[in-house]
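Student: Under the heading signal peptide, Swiss-Prot lists 1-24, citing sequence analysis as support. Marked as topological domain 'Virion surface' by Swiss-Prot: 25-646. The N-linked glycosylation site annotation in Swiss-Prot covers ASN77, ASN162, ASN542, ASN604, ASN627. Look at Swiss-Prot and you will find 157-217 tagged as region 'Interaction with gL'. Summarising the annotation, Swiss-Prot assigns transmembrane segment to 647-667. Annotation comment: Swiss-Prot describes 668-686 as topological domain 'Intravirion', evidence class sequence analysis.
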Amino acid sequence: MPASSVRLPLRLLTLAGLLALAGAAALARGAPQGGPPSPQGGPAPTAAPARGPTLFVLVGDGSAWFVFQLGGLGALNDTRIRGHLLGRYLVSYQVVPPPVSAWYFVQRPRERPRLSGPPSGAELVAFDAPGVRRTYTTAAVWPAEVAVLADAEARCPAAVFNVTLGEAFLGLRVALRSFLPLEVIISAERMRMIAPPALGSDLEPPGPPAGRFHVYTLGFLSDGAMHQTMRDVAAYVHESDDYLAQLSAAHAAALAAVVQPGPYYFYRAAVRLGVAAFVFSEAARRDRRASAPALLRVESDARLLSRLLMRAAGCPAGFAGLFDGRAERVPVAPADQLRAAWTFGEDPAPRLDLARATVAEAYRRSVRGKPFDQQALFFAVALLLRAGGPGDARETLLRTTAMCTAERAAAAAELTRAALSPTAAWNEPFSLLDVLSPCAVSLRRDLGGDATLANLGAAARLALAPAGAPGAAAATDEGAEEEEEDPVARAAPEIPAEALLALPLRGGASFVFTRRRPDCGPAYTLGGVDIANPLVLAIVSNDSAACDYTDRMPESQHLPATDNPSVCVYCDCVFVRYSSAGTILETVLIESKDMEEQLMAGANSTIPSFNPTLHGGDVKALMLFPNGTVVDLLSFTSTRLAPVSPAYVVASVVGAAITVGILYALFKMLCSFSSEGYSRLINARS
């Protein structure tokens, strides 16, 4: 007989027994009998109101749960009811291990500084819709009626992450397949435990002394690390009432969970995210409004961080939404259009031009050493890799690879270390996207010696899919642990795993720098490089029939400078600098006439990568052409004259004519004076 067929009669017997016990308890007290509540937890319309405290029992087998109203709390002393409470179909008291008095928490959580609020002039949206009344049930606390404002869940066989936001209420559940679960409840009202009669009927769940809210942490006290985690997360909500500070802490905690996989980091990051959303919703609920950029920021961060956390737990899932339709209806500022398109999974076609322009502008600023918006770049890259054509994806990766320099990777690593510091203070907003972009979404892998950056890159590439896309919320049991396709690898599938750096070309081929020769494709061994770190430049493609196993040496040349101001001869070429130590210093895509002129300006160039005076004598340069030609660049044969405007030519001609006229007049004056002077002298003598 199937197991499900056996469980059904047992459930019915259990329900019947509980109803009988309820009737017996009610008759013993002389109280009117009431009908059972609905499966959703609400009382039946015909139920009479209970007198005094009422006992609720949570019944279920994991797939469905029901709440039944039995009677007064004194019924707990009934051995028959106690037997049911300890039965197979009911929850266990051991969720919170006794003695509760042994638990201790941080007494006065430290306050973090308040960050700047929404930008001035930001459009405000109403946040005054009442929550939907629901009964919140848990394993060890009596059910509570909550006005739910938001409810989100990410689930797969490896992990479950659930957040319920209500009016002055947060319920958060986290569970991992290989570790014990954790639950956090934040409430304005005091709550009571479902505890054995020996502990009393008015026992408060474990938590720190009440501040603005009551905070309860429920879990199995398995070891000291779990105990410390439960103590720490209980203090989060009282650390700051600024949602930006809480979001910054959530990003840092998610960063720790991604680079240092483990249940405790996962739990801390999940609670941080839930608390950040709770602090924001409470502020918006009290003010009855919220700024549109702030609501979009919280919504997008919730979806992004939940996906990164679930990915770290081993499954492709994440929140499909937090504030339901509230965030989707907000007006979007021009600067937030890419974030909104990624967050809500909108049709990306209307945003592709904006995404291309964002990547191009970020690249132009990066080449000139100027700061750029790394968060906007992340969302632009996400849209182009997922919705753009093959040409869009490859050109985007070419630019992000060029933007990923050793200096930028070092800055990201330093930012990561600072964020992971236990003494980090969020004086300024911190976002994971400032660490992820652009190196994590590029084809540069030689800077990934730090496992932190390598883990971040893998997580970031899998988070590029739009958060609102179908299947982003939860994974089914059948396909939950199937590996998601890496959009970066999909855009350039020909690149081998051992590549240090790759530069995709149009047509399905790529320039690839490696330490050893690939199995297929022409390869150039770069001379003057340390034999311990050799550099090989190969051209690889997916066309196995065209495999050319040819070893070559790049030809050293003085390339001609172009004098044509209207033709860009070296556009779409890639300029590469590398050192004799076998290190790739930088790559620059020449995409405009202005960049070409800067390239040929030599020591006068304002682009640092092109200026040879900023590099030592052991640094060499290559020019990679789109047709696969590789040149060891020595110099340009001549310096191109600066373009002269027509107005300057006219002014020069007029000035020269005036100068000639003045000189001629002076000459005539001198000649006339000399002629008259000699005539007078001759006449005087005669």
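The backbone N, Cα and C atoms fix where each Cβ goes, and this holds for glycine too.
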Student: Mind telling me which of the glycosylation sites ASN162, ASN542, ASN604, ASN627 has the densest Cβ neighbourhood, counting other Cβ atoms within 10 Å?
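Tutor: Within the set of glycosylation sites, the most crowded position is ASN162.
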Student: Measuring Cα to Cα, how far is ASN162 (N-linked glycosylation site) from ASN542 (N-linked glycosylation site) in Å?
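Tutor: It is 43 Å, counting Cα to Cα.
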Student: Between the Cα atoms of ASN604 (N-linked glycosylation site) and ASN627 (N-linked glycosylation site), what distance do you get, rounded to the nearest Å?
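Tutor: Between the alpha carbons of ASN604 (N-linked glycosylation site) and ASN627 (N-linked glycosylation site) there are 29 Å.
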Student: At the level of the C-alpha atoms, what whole-angstrom distance separates ASN627 (N-linked glycosylation site) and ASN542 (N-linked glycosylation site)?
Tutor: 16
Student: Across the topological domain 'Intravirion' (668-686), what does the pLDDT come to on average, as a whole number?
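Tutor: In the predicted model, the topological domain 'Intravirion' (668-686) has a mean pLDDT of 60.
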Student: Going by DSSP, give the three-state secondary structure for ASN542 (N-linked glycosylation site).
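Tutor: Looking at the DSSP assignment, ASN542 (N-linked glycosylation site) belongs to neither helix nor strand, so coil.
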Student: DSSP says what for the region 'Interaction with gL' (157-217): how many helix, strand, coil residues?
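Tutor: When I sort the residues of the region 'Interaction with gL' (157-217) into the three classes, I find 3 helix, 30 strand, 28 coil.
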